[in-house]
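Listed in TrEMBL for this protein:
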COMPBIAS  547-556  compositional bias 'Acidic residues'
COMPBIAS  572-588  compositional bias 'Low complexity'
COMPBIAS  589-605  compositional bias 'Basic and acidic residues'
REGION    1-26  region 'Disordered'
REGION    543-605  region 'Disordered'
TRANSMEM  62-80  transmembrane segment
TRANSMEM  114-133  transmembrane segment
TRANSMEM  140-158  transmembrane segment
TRANSMEM  164-186  transmembrane segment
TRANSMEM  218-237  transmembrane segment
TRANSMEM  293-313  transmembrane segment
TRANSMEM  344-365  transmembrane segment
TRANSMEM  377-399  transmembrane segment
TRANSMEM  406-427  transmembrane segment
TRANSMEM  472-492  transmembrane segment
TRANSMEM  498-517  transmembrane segment
Amino acid sequence: MEASAPEETGADADLPGPPRGNNELLGVADEDDQMEEFLGPQGEYNEEEEERKYYRRKRLGVIKNVVAASLGAMMVYSVYMGGLLQMQLILHYDTTYREVKYSSLGLEDIDRKMLMGINVTPIIGLLYTPVLIRFLGTKWMMFLASGIYALFVSTNYWERYYTLVPSAAAIGVAIVPFWASLGSYITRMAQQYYEYVHYREEHVQEQKKLPKGACHRYIVVFQSLFNGIFTLSFVFAEFPMRFVLNRHLNSNNHILHNVHTCGANVTGLIPGFNNTILYRLPSSMLLIQVESVLMGFAFLAMVIFLVLCGAAYRPTEEIDLRSIGWGNIFQLPFKHLRDYRLRLLCPFFIYSGFETLFAVTGFSLTFGVCVLGLDKLWLLVLVYGLSCSVFSSLSLSLLRFPRWLCLMAGAAVHGVLLVVLLALPFSPNQPQLLGPLLLISALWGLGSALNKTGVSTVLGMLYAEEKERLDFIYAIYHWWQAIAIFIVYLWSNLPMRAKLSILLATLLLASYCYWLMERRLARKVGFRLPRIPRPRHKVKGYRYLEEDNSDESDSEGEGHRPEEMEGEDGVGEQPAGAQEAASPAALRRAAEIHRGRRDEAPLKE
């Protein structure tokens, strides 16, 4: 028994035991478990909730873009109108100011050429606006145009022919691209908002064409918000007049001493208006301070466009928009005029330009200043701007009522006011008529709000699903407005009764044409839209991860197709076989099949 004990002990010693590196292996296993727990699906992570939060941030970003674009446009035009329409022209009109400060400069001649540059150069805007927007993009076009407005304000520091006239001509060049970019940007934001709200829909995930009428409610809301903010520019533009120039004006008895008639019986603006309207000249340091404040707001508007406004299109969409060829981009605005919807809306485009300029020049001067005096000019324009801003919210009624209600209501308001202005007699220097004239100004602002918001909303509804056509459509709209501005510039010496009659005739024609357009659409009469050419890229190293490669050039195999007759949905119908044969993916598949058959032939032999 004693001898066996050591043997048992030795046997026990020879038995295999646990490995020595057990602790190390356990440590590795623990690290693997921790790594798998870290990289694996988390129990607390909710994918649907995170996706919902992500698209909520996207929707808030779209609202931020709309508000930023509206504030930027409001600041630009507050500075532009406050620096040009009032301060500059009123100071340059005064004979004493011109003789004391600029005796040999000829400011009166410079002002005429400056106004000519602003009003005449937009006529050619349709030739280059789509090209600029396609090349720069909507956001950068708005930023560049706001920089041109800031350049014009800066020229007031050194008022000379070679500073004022070229900068005024540059503003004329930038007017149509600026407003076309704004209109396209607001409509595109409505499309984006719809996509972020319905991000689970199949057509949104596959980036297909939106269903007809899908984003109309967002267009109504965003256009109302934009016009409500932008028209406050008429309010802020009056601050230099109210707080600076009004303290230097002569009395109304002196300014209106030789004025004998007002209103519809006037020829020109205000015949007999005294050309010494300043009681004392404002100091140069005061004018420099005012210009510095205006320049500060102009630069702030540029920063808002640059920093706060997001892109309107995805990078791939921007590439496609620019890659259809410069010749096609140049021709497409003129081809879009074959669409009867745009042709029948053109009278409303023209009237939209007429009525705004009549409110800030014709009515404010011939009826307001002539009757109340120059010191009440700021009040008339301020009431008009506040009315426009407040009543822009009435366009939200289009969420429940048909789209014709907004335009027709605005036309009815303006029609009644034009008849009243034609019928009522007015005499100079009658302060007791302040109340009635302020009421007319507020009602005209009501009509302007319905008109401006209605036209932009109708255009957005008609072309909301056509992303690639928006810049052409809004370029046509604001080009016709530029034509109206040029006509107003030409008729400045006509009798006021003739101007009011032209306004009334244009309004009646615009209302009839719009009724005709809605009637044709209700009867589902087909309209004609030009085909947007396929992207023709020359860059070979970049490819989209899609079956139908929109980045590949197929100009060698695809011939020119004629324009399409489109139906109510705005989409031309083509045979399925023709679409399949025209796609680059089908051509590649056919080439691979042909190559495979050619390789198999020697093997069979």
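Cβ atoms here come from the backbone N, Cα and C positions, even for glycine.
Predicted automatically and left uncurated, TrEMBL annotations should be read as such.
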I'm a bit unsure how to read this: which one of 293-313, 377-399, 472-492, 498-517 has the highest number of Cβ pairs shorter than 8 Å with the transmembrane segment (164-186)? 472-492
Can you find at least 3 Cβ pairs under 8 Å between the transmembrane segment (472-492) and the transmembrane segment (114-133), where each pair is 6 or more residues apart in sequence? yes
Would you say the transmembrane segment (140-158) and the transmembrane segment (377-399) are touching, if the rule is that at least three C-beta pairs must lie under 8 angstroms and be 6 or more residues apart? no
Result, the transmembrane segment (498-517) in contact with the transmembrane segment (344-365) (3+ CB pairs under 8 Å): yes
Residue numbers, six or more beyond the limits of the transmembrane segment (498-517), whose CB comes under 8 Å of its CB atoms: 264, 340-341, 344-348, 350-351, 354-355, 358, 362, 404, 407-408, 411, 414-415, 418-419, 421-422, 491
Dominant neighbour of the transmembrane segment (62-80) in 140-158, 218-237, 406-427, by Cβ pairs under 8 Å: 218-237
Same-chain residue ranges lying at least 6 outside the transmembrane segment (140-158) that approach it to Cβ under 8 Å: 69, 72-73, 76, 79-80, 83-84, 88, 132-133, 164, 167-168, 170-171, 173-174, 177-178, 181-182, 185, 288, 291, 294-295, 298-299, 301-302, 305-306, 309
